[in-house]
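Undergrad: This structure is in structure tokens; I'll ask about it shortly.
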């Protein structure tokens, strides 16, 4: 299919021969491609910034309302942290031996081929990414409006409008400059760590003063049922979500062979430590009943400890959530970019704004899908649906890792983990999926149906090669129109490693 190439722009011409303004020209020797500009420190900040988002301020309630006790809540936080760290180790191995952007999509494609890779991409495209961004947007809007509506819930329309505005702002920053987005991520990460450090210090001061009532008989009234544990696991897993996103940015990471595994391991150690002590701090101040009645745990925490900070804390939390959204948009846009480069998504998504060298169409796609996803349901409903979908993708990744260990034993592996680890994670993923189907059949069915929509999309869009000429012409005209509107062209060539 003829597309507007970089050479078509160089002489002031576009694909259809019409002249454009001088701003549409580029130098003949300019390569239009993503640049390696993310350092190890920025990579760690990106991961920490994505993970420490809304989860630590929302998930404590989601876990507690399922397992019913302080003791089991702490156990579930530990379990989800360890599970996430083990998953991150497996992704570090895969990222080191397959140093390409695309994360789980690329690894599944390497192991099982196009069809299963497309399904993984489709799940991320239609469920995981929009849900992550939409849930974070709604939480951001709720917290930023808390100081204004301190005695009641913020209006529905106001929450939706604020949510739409913040994601539009962050997408705009990512469209203009990757370095700006990375610097925003660094600043926000520092702010959120300061906010969490404040909560932790206050909580441990309470513990030091002997306020340990919530930790006595901490396992009383616990719900040990498999279904309750599985659903609470998704809330914790959501809070740790984001450890895999740096694998989507490998093409822009400086020295990916070295910095990818380092960034993953450093960030997971930071996040797991912070989360564990933050939850202990919460329970040092709040009773289980107070926590379950709270729609904003950190705000309730500040009300009971330092009331003067009640206006500041919601703003700090909103900034934290904004960082998570920013990192998710930055990372996921590269996943869709890679998928489109492999002809698994519309070709326009694989194009780059030649002025800013950013994947603008991919970022705008995330904006549109996230705005649509906001209307599906409340935050916890979105989190549970995303958890089921992401666990499905993980099961494919770990199966692919096991398969490649058997079929490609000589593949260079700078990091090589014991084979028992991906086997264990694969089995655990299947167990979680089965338990969720039993406990939450409605969410499981919806996620399954949305996934299966990808099958006819694959057949019509990828497998069917001999499409009618009228379809190809329509696709070409739409693509050219969007190219002109967004000033985007295909990437010139492969990134050299």
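Heads up, the Cβ atoms here are built off N, Cα and C, so glycines get one too.
Per TrEMBL, the features are:
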type: REGION; residues: 1-22; note: region 'Disordered'
type: TRANSMEM; residues: 40-63; note: transmembrane segment
type: TRANSMEM; residues: 75-94; note: transmembrane segment
type: TRANSMEM; residues: 115-145; note: transmembrane segment
type: TRANSMEM; residues: 157-176; note: transmembrane segment
type: TRANSMEM; residues: 188-207; note: transmembrane segment
type: TRANSMEM; residues: 227-248; note: transmembrane segment
type: TRANSMEM; residues: 260-284; note: transmembrane segment
type: TRANSMEM; residues: 304-325; note: transmembrane segment
type: TRANSMEM; residues: 356-373; note: transmembrane segment
type: TRANSMEM; residues: 379-399; note: transmembrane segment
type: TRANSMEM; residues: 419-438; note: transmembrane segment
type: TRANSMEM; residues: 444-464; note: transmembrane segment
Undergrad: Can you tell me which of 157-176, 260-284, 304-325, 419-438 gets the most C-beta pairs within less than 8 Å of the transmembrane segment (444-464)?
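TA: The listed stretch sharing the most Cβ pairs with the transmembrane segment (444-464) is 419-438.
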Undergrad: I need to check the long-range neighbours of the transmembrane segment (419-438): which residues 6 or more away from its ends have a CB within less than 8 Å of a CB in the stretch?
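TA: Answer is 83, 86-87, 89-90, 226-227, 229-231, 233-234, 384, 387-388, 391-392, 394-395, 398-399, 401-402, 405, 444.
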Undergrad: Could you give the residue numbers and ranges of same-chain residues that sit at least 6 residues beyond the transmembrane segment (227-248) on either side and whose C-beta is under 8 angstroms from one of its C-beta atoms?
TA: 43, 46-47, 50-51, 53, 55-56, 58-59, 62-63, 66-68, 72-73, 76-77, 79-81, 83-85, 87-88, 91, 94-95, 101-104, 106, 132, 260, 263-264, 267-268, 271-272, 275, 324, 327-328, 331-332, 334-335, 338, 380, 383-384, 386-388, 390-391, 432, 435-436, 438-440
Undergrad: Need a quick answer: max count of Cβ pairs under 8 Å to the transmembrane segment (157-176), which of 75-94, 304-325, 379-399 is it?
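TA: Maximum Cβ contact count belongs to 304-325.
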Undergrad: May I ask for the residues of the chain that lie six or more residues beyond the transmembrane segment (260-284) and have a Cβ under 8 Å from a Cβ within it?
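TA: For the transmembrane segment (260-284), the list is 40, 43-44, 46-48, 51-52, 56, 60, 70, 73-74, 77-78, 81-82, 84-85, 88-89, 91-93, 95-96, 99, 193, 196, 199-204, 206-207, 211-212, 214-215, 239-240, 243, 246-247, 250, 253, 291, 297, 301, 414-415.
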